[in-house]
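Undergrad: First the structure, which I've put down as structure tokens, then a few questions once you've had a look.
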């Protein structure tokens with residue numbers, strides 16, 4: 001299975017259709033059904049009340065994700081003072097999450113409700129690829145943001161990344177993600193599967209070279225787990241732990257101790273939230289997909305589709321959590337959001353001039369007094 005598993009494995013759908021309860025205590029093979037009967041999946045996702053809950057859950061995530069990520073992108077484009085290197089990375093994260101909202105969730109919900117692939121052969125190849133691409137860009141960008149903060153705060157580097165370099169990094173993130181996601185487009189098969197005579201379903205499944213139970217699928221899943229979860233989580237956790245330690249041990253001038261203490265607390269909370277959200281949201285889905293590839297009997301679970309869907313919903317919650325963590329928890333973004341709603345374009349020029357002037361004076365005085373440098377100020381503002 002791919003790194004996102006946007007559609008539940010069609011093999012499990014086929015297995016469930018082959019054998020279905022026909023009465024208390026026994027089952028009837030599909031080949032013995034009455035002539036006018038039609039196969040139906042007997043899992044919880046076919047219950048109307050469950051479908052209503054799933055529709056509400058997915059629609060809520062789509063709405064929150066589209067609004068939140070669109071706002072982040074909008075304020076970075078609209079306000080000149082927001083066009084910093086870190087904010088470019090955050091905007092790129094918002095673009096990737098926005099693609100996840102628009103490309104992952106609607107198709108996953110459609111498949112879950114309908115039980116088969118209804119989007120045609122072209123989208124059978126393109127949709128999983130686009131989904132994998134968006135998720136990988138999002139993960140790489142989260143890692144880049146952590147490394148950028150670590151570089152500026154822990155090592156006090158005076159030479160910051162230029163905007164040109166930041167765009168190059170963003171381009172590389174998309175290029176690497178496009179390459180890593182390519183197997184999801186190449187190794188796919190759009191086909192009709194006959195369940196019983198005169199009844200077929202449309203399937204869009206992974207088709208790896210070699211035998212039916214190819215090792216390639218398992219290798220790809222293990223690689224995806226390592227590249228998209230284990231390695232990024234390790235880098236992000238290490239970077240933010242170093243940042244937290246640096247902020248904790250930094251000594252501020254006596255007059256501003258309370259001010260910087262409060263800002264450190266806010267920064268620490270945000271850093272912890274970033275790591276926890278990433279770890280908790282993606283672990284169930286990655287682990288479940290890996291279990292499917294290692295042991296195909298997982299597909300025989302009666303509630304396979306429901307379990308998969310719940311884990312997928314948990315993972316997708318990160319798409320609206322990211323703009324909250326990187327945007328709304330930041331005072332500059334909050335002001336920009338409010339200004340955008342009020343259409344106060346003039347505030348941008350004023351904010352830019354005043355903030356740069358006051359910041360320069362404050363940093364000059366702080367440096368003379370042995371106070372905090374610019375990297376610590378930025379640490380609580382990114």
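For all residues, glycine too, the Cβ spot is worked out from N, Cα and C.
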Undergrad: Swiss-Prot tags one of 25-45, 88-108, 193-213 as transmembrane segment - which one?
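TA: Spelled out, Swiss-Prot records transmembrane segment over residues 88-108, not the other listed ranges.
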Undergrad: Per Swiss-Prot, is residue 191 on the side of the membrane where residue 300 is?
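TA: That holds: Swiss-Prot puts them on one side.
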Undergrad: Where does residue 204 (disulfide bond) sit by DSSP, helix, strand or coil?
TA: strand
Undergrad: To which of the disulfide-bonded residues 124, 204 does the lowest count of other Cβ atoms within 10 Å belong?
TA: 124
Undergrad: Please list, for the topological domain 'Cytoplasmic' (68-87), how many residues fall into helix, strand and coil according to DSSP.
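TA: With helix first, then strand, then coil, the topological domain 'Cytoplasmic' (68-87) has 17 helix, 0 strand, 3 coil.
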